[in-house]
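In what follows, a structure is listed as C-alpha cells, so that the remarks can point back to it.
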Amino acid sequence: MLRNTPKSHILFACAFIAIAVGFYFYIKDSLPPIRIYQDCPSPDLETQTKNTEGSEDCKDQGKWKIGDLVMTPGLKYAQPNTQQGRTDVNSVTNWNVPLVWEGTFDPVVIDEIYREMDPRIAVVVFAVGKYTRFLKGFLETGEKFFFVGFRVTYYIFTDNEKEVPEIEMGTGRNITILSVPPASRWQDVVLGRMKWATVAIEQQIRDEADYLFMMDIDSVFYNRFGAESLSRLSAVLHRGYYKNTARDSFPYERRPLSKAYIPAGEGDYYYTAAVWGGYLEEMYKLVKYCYEQSQEDAKNNIEAVWQEESHLNRYLLYNKPTKVLSPEYLWSNYDKVPADIKVVRISQLVKNYAEVRPNGGN
C-alpha cells in the first residue's frame, strides 16, 4: 500500500504521529489513570470530616445499593404534577438533595418501588433501666406504621431482657434482644449507644440488614414512616431549630477542645440524634465515628454538650446527608404541632425525666 502512496502524504503522517506522541508525553503526568474500575479506599475515621470518602461509584462497593427504580405495571396512583406542590416549605437542600415533607412524595409509588428491591431494615433502640416501659408502645405502633409490608428487625439493647414484652409481629418482622450493662448516668446510656451499636454491627447486624435506623425508645408512631425516608444517609431536622433560628444559635459544640467542635459561622441545619438512618455500612461508619470521637474527648476530659448528637452534627456538616427528613419524622408530645407539620409520623412521649433517668435527669 505504501508503494502507491505519495511521499508527501507519508511525510505528513509521520510528522503527525511524532507530534501526537510528543504531546502525550508532555501532558501524561497530568492525566488521571484510565481504569475500567475504580479503587475504593478504606474508610479513615480521622479524615471523615474532610469528606474524602471517594466518588459515588465507590460507595459501598459490594454492599447494598438502591437499585433500578422499577415499578410493577398496572399500579394505580395519582398523576404527578410539575406545577403544584408544597409552597409553604423548602423541599430541597442547598446541596440539591430531597428535604422530605408530607405532600412531596406519593407513598403508593415509593413503597412499591422499594418493595421490589426487598431491603432488610434494622431498627436499633436502647431500653436501659426504667426505659423498658416504653418498649410496648414503640413496638406496637411500629407494627402499625413503620415500613409496613417490609422486612424489619428491631434490635433491642437492654439490661433487663425479662421486661421486653411479647408483641404480635407481622410477616418477615422480628425482634432480636441484645444485652448491655446498666448505667449510672443517662449521658453514659447515650454515649454507650454508639459503642454497643458499633460492636453489634460488626458481630451480627452487618449480615442481617441492608438499612439501619437508630431511634429513641421513648417514642411512638402515629402515622406511616416508609420508604420515602430511605437513602444512603438520612438525617432528621430537630423540631426546635428547623425554622427562624440563626445557625450561630444552634446548640452545636462550640468548645475547640472537643472533637465535636463547629466554629461560629458554619453549619447547615441542626439534626436530632433521636432518629437517623441509611445504608448499613454508612451507618456503621457514622456510629463508629461518634463513638471514637467521644472516646477522644474523654481522653481530654471533655464531654460534648449534647453527647453523640454533637458528634453527629459535626459529621453531617462535612459529610452531607443524601436525604433530609422534616420534623414530621421526630416530633415531641411536649410541643404544639404547627401548620407546616401536616403529619406527625413519630413523636417523643411526655415523661418525668427525674423519675426515669438513672441520675434524676441531671
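Backbone N, Cα and C define each Cβ position, glycine as well.
Features as listed in TrEMBL:
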ACT_SITE  Glu309  active site, nucleophile
BINDING   Phe126, Ala127, Val128, Tyr131, Asp216, Ile217, Asp218  UDP-N-acetyl-alpha-D-galactosamine binding site
BINDING   Asp216, Asp218  Mn(2+) binding site
TRANSMEM  9-27  transmembrane segment
Query: Which one is closest to the residue listed as 'active site, nucleophile' in space, judged by CA to CA distance, out of the binding-site residues Phe126, Ala127, Asp216, Ile217, Asp218?
result: Asp216
- prompt: How far apart, in angstrom, are the most distant Cα atoms among the UDP-N-acetyl-alpha-D-galactosamine-binding residues Phe126, Ala127, Val128, Tyr131, Asp216, Ile217, Asp218?
  reply: 11
- prompt: If you draw a 10 Å sphere around the Cβ of Tyr131 (UDP-N-acetyl-alpha-D-galactosamine binding site), how many other Cβ atoms fall inside it, taking every protein chain shown into account?
  reply: 23
